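First comes the structure, then the notes that go with it.
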Amino acid sequence: RTKERRCGVKRVWKQDTMPQEVDVLKISNDDAAFILGKSGRTKEKIARVSGAELDLFEQSLTLEIRGSEAERRRAKKYVECVMAQRVGPVTIDDDSEDDDLTVIQVPTEAVGFVTGSQGNFLRQVEEEWGTLMFFADFRGRGSGREGQTEKLAIFGPRRGRRGAQLKVMAAVETKVPNYFTGDSKPDEDDDQDEWGTKTLVLKPDELSYALGKKGMTRKKLAKSSGCIVEYVGYTVFMSGTREERTRAKEYLDWLFDQLKGPVYVDGWEERDDCTCVDVPQDCVGYVTGARRATLGKIEEEWGTLMFFMSTNMRARDREQQGRRDFDGSEKLAIFGSRRGRRGAELKVMSAVETKRPGYFTREIQKHTSEAEGFASDTFPMDESELSYALGKDGTTRRKLARASGCIMEYVGQVAFICGTMEERVRARTYLKWLLKQRHGSVYVDDLKDRDDVTVVPVPRDAIGYVTGNRGQSLRMVEEESGTFCFVEGGRGESEQLLIFGSVRADREVAERLINNLVNEKMREDNDRRRYDDRDYGRGGDRYDDRRRDDSRDRYGDRGDRRR
């Protein structure tokens, strides 16, 4: 590629692509450290919120910003705010053409509470919602409650800004009760808007139940409905599209209905957010767990809402049940996104299969779906294959699922592989490679044609160090990066380690960790060589002479007689 610099802007040409403009900012050494942040987190945060790519060159003290005109403009604005923080208060122009700003008034007595120790609370909110947040002064905007509040600027996409705003409102309400909810009406909804907010005022005992332990109930309502759900004082704020707000309100109502008795959802068959699993009555307690612990873990993992519906089923439900005795089972309703529901459903099926072997898999055979979209494949295994593919505490199964981007669950001895066709093909291929490793090395035929692999050359004498005792070091790399790694065989004297994963960023993490291990090994070898050269090289003769002299002094004549 060739580059052209003009007035602080580089235009980069890549083969078969349109020219991509790059803005170049000259920064100071102190600014560079501030923009980079601890472990590069601030730079990554600016890139994530703006949508631009940032490259910081510390030697030349330049920052390159790549992206569309809007992305570069936002990134430069955020960088200027970060640099301004270093020397004093941030001042923001209120006439920005970017629709990326929400301002919230924070009472002075709550500013420290909202900021947190060393800014930790604001950083947590930024991380959760993908935003940038600063206390700032504004040009061209009214001062509001002068001297009583400070303005908190929230930059980011609309959903992220609203989630962060409600988090801050909840924190302020804890410190200054009724600051935001003093004028709230019992029930409000922006029905006229596709995107809006619905509010609902709860009673004190209802709030405790709707919040759950460590906020788990609120989180599962938000994840399963796709709606932003936050409790500001005793008021529930539900923000999102009209469909998301409707779902969140329904789920919240069902939650409270369970306090009165079993709940049955009429018309669940026609809903596109519901899946039902028939659970044998003797497995209900096992699936639920002590004090609902097992169901709670599944809900947390897959972002779903789950409850057993009333056992007083209608006659049509009995007629729909074909291969199992309906009188001996209860319906478990799972609400959420399709991917979340399928993952939770397979978790439940796996638990039932543990108690009742063959209940779901007795008639299951190997099947590969031809559907391009979301579908399920099945892959039966024998006991030895299952044990190897499961791994200790299920670590191998989780590794394959995360690396492929696919849902993978073992129900009995059958692997259920669910996702798009691309995800399923990856998962099946990874599973086959894994099982082949039991009998020897694996050779990848289509390595050059794959877009899910990173090849890392490793010196032959460092392979053992990188893999570790019984592969322990490599397993740690896989767990930290969410990838599937192995040393390829069948290429003669060459040694190359293959990193597989659907997400490029995960593969880059694994590549960095592996290169660190290689460098550690090379440093150890170099240190050992220097030590050997010092003791046994040119100084070796002097060492031997000194040892002979010591022998004469120690043994004297006896030493002579021994000779």
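Using the three backbone atoms N, Cα and C, a Cβ is placed for every residue, glycine included.
Annotated domain 'K Homology' per TrEMBL: 19-84, 98-173, 194-257, 271-353, 373-436, 450-519, in sequence order. If you look up TrEMBL, you'll see 525-563 marked as region 'Disordered'.
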Interface-richest range of 98-173, 194-257, 373-436, 450-519 toward the domain 'K Homology' (19-84), CB pairs under 8 Å: 98-173
Three-state composition of the domain 'K Homology' (98-173), taking helix and strand from DSSP: 37 helix, 22 strand, 17 coil
Stretch-averaged pLDDT - the domain 'K Homology' (98-173): 88
The domain 'K Homology' (373-436), counted residue by residue under DSSP: helix, strand, coil: 37 helix, 17 strand, 10 coil
DSSP helix/strand/coil residue counts for the domain 'K Homology' (194-257): 37 helix, 19 strand, 8 coil
